[in-house]
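A quick write-up on the structure given underneath.
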Amino acid sequence: MLRRRPPSFKHRRGLRKPSPTHTPIPLLEELKSTADPAAALRLLQHADPDLLSYPVCSSLLYRLAKAHLVPEIDSLLALLRAHRVPCKEAAFNSLIRRFGSDGLPDRAIDLFHALRSFEFSTSAPSVQSLNSALAALVENCRFKQARALLAQSAATFGLRANAVSYNILIQGCCAAEGSSSARLLFDEMLQKGIRPTVVTYNVLIGHSAKKGDLGTGARLKEEMVRRGVQPNAITFALLMDALCREGNYAAAKKMMFDMEYQGCKVGLVNYGVLVSDRGRRGDLDGARALLAEMKRRKLKPDVPIYGALINYLCGAGRTAEAYAVLVEMQVEGGCEPNAAAYRMMADGACRAGDFEMASRVVTAMLASGHCPREETLRCLMNGLCGIGKVEAACSVLEEMARREMELDGNGWKALVEAALVPAEPKIKTTQPGPITTQTVTL
């Protein structure tokens, strides 16, 4: 008797139960529909306290932080504290890092020390919160304060630093005190029984490579292999970049074969180093050949690689090729250009005097939700006036007004002069066949 073959794991995996649908929270939906985050906070302050929950408050906390509304953030934190709303530490860690990126390290540290005053399901602060606070300090060049916080957290909160903590400190130490002090931190890490990660070594290798000390970088790579830490594509990219800066492009390209031999797959970051080097040295045909090589190896170039090529082509005045690359990245590469790619293309077209191309790029940029620089729009408007495209120039002026950008005196002068020039008659010719009839539209 034939027994029915059981379904394979692949098929069984497809029979998983669908994830449960989440019930919408009315107050959360109402806050999300309020465009102004400050107005949403006022709405929350007048809501029933029983409706306050972590999803509602964390969503608004993120919006307030993104809008840099520090007094409103304080009000929301006071509301959370007063009503003992159960929270999760992730939202506070994000806020600590946001304070750091906004140049407010003191606020970040104050919030870290105040975490125990909030209602958490687990003990706070955790080592993740510590790492967020360390990152906020290091980002604002407060390395000594970060070192002191690490020691203080161990004594006050009983927090044991992990590899991420030391990676942050080592990165800050490289910038503040140099590689010798960073190596002492690395040794301290080993003494405490914390195993270095590939990120730890990449920070040290990257600092050595940036200083032009390729020998130290290579020795660090050998050391990490001896300690059982596998180099990744970024490790090799850092060394390749150092070789390229020394003018040894051939050795950098050969390193991609070496990394594959050592079991590390070549990534976009490695080709990005080579493309940037070719562009810096003016070998734009070589940079385009690298893109073709990537496609042969089934590697899809990403936005930074396309953007670098566009930048260098525009810098060389080859704007038509740059525009072709911009189109290629969308049609063939499936990449949506970012604001930087659009800005480089628009500025390059303006520098080349091709204002019709620049106008097309700016139109696509606005449709994609990106904003051109004020200088770009001024240059574009002046250029359109110079070639008699008054209507298009007025459209640019309207866009500037919507974004509260100002036009300088030269721009107004160009617009007035272009408006005073009489329009040339448009001649419509009947086709096909020889020209027999002409219709002039005045």
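Every residue gets a Cβ built from N, Cα and C, even glycine.
Just so you know, TrEMBL annotations never went through curation; they're auto-generated.
Values in this document were obtained by computation on a predicted structure and should not be read as measured data.
Record features, source TrEMBL:
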type     : residues : note
COMPBIAS : 1-16     : compositional bias 'Basic residues'
REGION   : 1-25     : region 'Disordered'
REPEAT   : 162-196  : repeat 'PPR'
REPEAT   : 197-231  : repeat 'PPR'
REPEAT   : 232-266  : repeat 'PPR'
REPEAT   : 267-301  : repeat 'PPR'
DOMAIN   : 277-419  : domain 'PROP1-like PPR'
REPEAT   : 302-337  : repeat 'PPR'
REPEAT   : 338-372  : repeat 'PPR'
REPEAT   : 373-407  : repeat 'PPR'
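When Cβ-Cβ distances below 8 Å are used as the criterion, the repeat 'PPR' (162-196) is approached by residues 127, 130-131, 134-135, 137-138, 141, 143-144, 146-147, 150, 203-204, 207-208, 211, 213, 216, 224, 227, 229 of the same chain, each at least six residues removed from its ends. For the repeat 'PPR' (197-231), the number of residues in each DSSP class (helix H, G, I; strand E, B; coil) is 26 helix, 0 strand, 9 coil. When Cβ-Cβ distances below 8 Å are used as the criterion, the repeat 'PPR' (338-372) is approached by residues 303, 306-307, 310-311, 313-315, 317, 319, 322-323, 326, 329, 379-380, 383-384, 386-387, 389, 392, 396, 399, 403 of the same chain, each at least six residues removed from its ends.
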